[in-house]
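To keep things clear, I will list the structure first and then write my remarks on it.
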Amino acid sequence: MISSFLIYKTILVVAVFAITLFVAAYSTYAERKVAAFLQDRVGPDRAGPFGMFQPLADGLKFMMKEEIIPDSANRFLFILGPSIAMLTALMAGVVIPWGNTLVINGESYTLQIAELNIGILYVFAVVSIGVYGIMIGGWASNNKFSLLGAIRASAQMISYEIAMGLSIIALVITTGTLSLREISLLQAGGVGSDWNFWNVLYQPVGFIIFLICAFAECNRTPFDLPECETELVGGYHTEYSSMKLALYLFAEYVNMFISSAVISILYFGGFNFPFMNDLGLDQNTITILGTVFFFAKITFFIFFFMWIRWTIPRFRYDQLMNLGWKALIPLAVINIFITGLVMILTSK
Amino acid sequence: MQALTNRSKVVVKKEMSFLERIYLPAILGGVVITIKHLFKKSATVRYPEKKREISQIWRGQHTLKRDEKGAERCTACGLCAVACPAEAITMTAAERVKGEENLYREEKYASTYEINMLRCIFCGLCEEACPKEAIFLTDRIVTTDYARGEFIYGKDKLVEPVDARVDVTPRQTAAVLEFKTQKQFSHNK
């Protein structure tokens, strides 16, 4: 049985890896398309029908580009930076429950690589290592723009991680578990037979804080100060070229994908969908439909990330810090207190 | 003091209300605006496949005309170069020798004739200046290229081929034809 377990896990790992990279690649395409549509343009439409092969063309171009490592750069760290960024971005996908349980020939297969009872903590730990990738890369470039971008990135990510963690604590108080799978299961049924609402209804403030922090953690507009072109050329990846630049850009999109997945799980029911237990479907159908719904939610949030990018201009750095420290963190703390109070009062 | 116009507005710097300070309503408004644009028709014309409709008297790439017998009309008088506000035209004159009567219409011709398409502003003054009806702007678009040197068009690109004449009649509007009937202008003879 151990071999079948290994094979199934291997298949799952490869599938998740492939899907993550696929989504990241097509996020670049979607980003350009969404940007174009929001600005009344057409976007890439030359490579294949509707420009569908644009990511492949971009990837090929990245590979063919000359690989430049500046003379004054620290070679080892220069290569380590993008590797860490990519590695940590991919590692977070391990604990994401991509779906419920499939039952094949009496054996149940969970669509999750590792069921960790502290899944959400794991995601936080791994994602916060990601900042080292940016920091090391920016420092190793030996370029003032890179360094400034890296400093901004690390300061920003560390500040917003606090608010993010605090907003999760309130959620953990209501759900009583740190496991991503259990948090998903607790929201089962949607508006169906069990009347479990999505967590966003119990934690609207927490959701907004988490969302804002997710934007900051992914270095997305309006918090894209680490790489803002108008001030810092390219920010921490100014000196990078070829595949190493691609890794940084890819890591950003993978992070976006993982963030969308985590938001969907924590606040929007994960692989659950409304009336899932009332339609009279068998277990496997519900699981597959649930996975489809989960990806639909993720797609929506990725779209939301892009949508916001083309709506809101960038923050000034002091505004960014003010928002993080003076608004979001106190708000998150108040949210924890109110949540705790309500929990105590309602649980007799 | 009396205001010069009635368009001036008194600016008041007032404190933002709480709703304004949390920005979320404003962001929501912005988000609604952008999503509306998602469903708008894009203004793009996919160029090589679809061409935007151009005016009948569109001023595009030049051509040097030949006469009915196929001889070049240009006599290298240099009036077009003088008229050119962008100084895009240069030429060298040469004398026609015996036996070249079928090639050049008059005794003098342009041995080289170059238009720098990067300088040209397509104003059409060369065409207006030409006394021999030799140079015309056409409805063709100057194509892109990789090097600046490629944009200096010589006679090989400018003179119309004998077997593939360039139609310049669309540019001969009623006003132009009317002008050409006035024989008091020497170059209309």
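Glycine is treated like the rest: Cβ placed from N, Cα and C.
Quantities reported herein were computed from a predicted structural model and do not represent experimental measurements.
Listed features, source TrEMBL:
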- A:6-29: transmembrane segment (TRANSMEM)
- A:76-99: transmembrane segment (TRANSMEM)
- A:119-141: transmembrane segment (TRANSMEM)
- A:162-180: transmembrane segment (TRANSMEM)
- A:200-216: transmembrane segment (TRANSMEM)
- A:245-268: transmembrane segment (TRANSMEM)
- A:288-308: transmembrane segment (TRANSMEM)
- A:328-346: transmembrane segment (TRANSMEM)
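In this chain, the transmembrane segment (A:76-99) lies close to the transmembrane segment (A:245-268): three or more C-beta pairs between them fall below 8 angstroms, excluding pairs fewer than 6 positions apart. If you count C-beta pairs under 8 angstroms between the transmembrane segment (A:328-346) and each of A:6-29, A:200-216, A:288-308, the highest count goes to A:200-216. Below 8 angstroms of C-beta separation, residues 156-157, 159-161, 163-164, 166-168, 170-171, 174, 222-223, 259, 262-263, 266-268, 305, 308, 320, 323-324, 328, 331-332, 335, 339 of the same chain, each at least six residues beyond the ends of the transmembrane segment (A:200-216), sit close to that stretch. For the transmembrane segment (A:162-180), the partner stretch with the most Cβ pairs below 8 Å, chosen from A:6-29, A:119-141, A:245-268, is A:119-141. Of the candidate ranges A:6-29, A:119-141, A:245-268, A:245-268 contributes the most Cβ pairs within a distance under 8 Å of the transmembrane segment (A:288-308). A Cβ distance under 8 Å defines the sequence-distant neighbours of the transmembrane segment (A:119-141), meaning residues of its chain 6+ beyond its ends; these are 70, 73-74, 76-78, 80-89, 91-92, 94-96, 147, 149-151, 153-154, 157-158, 161, 164-165, 168, 172, 178-181, 183, 217, 226, 235-240, 248, 251, 255, 258, 262, 266.
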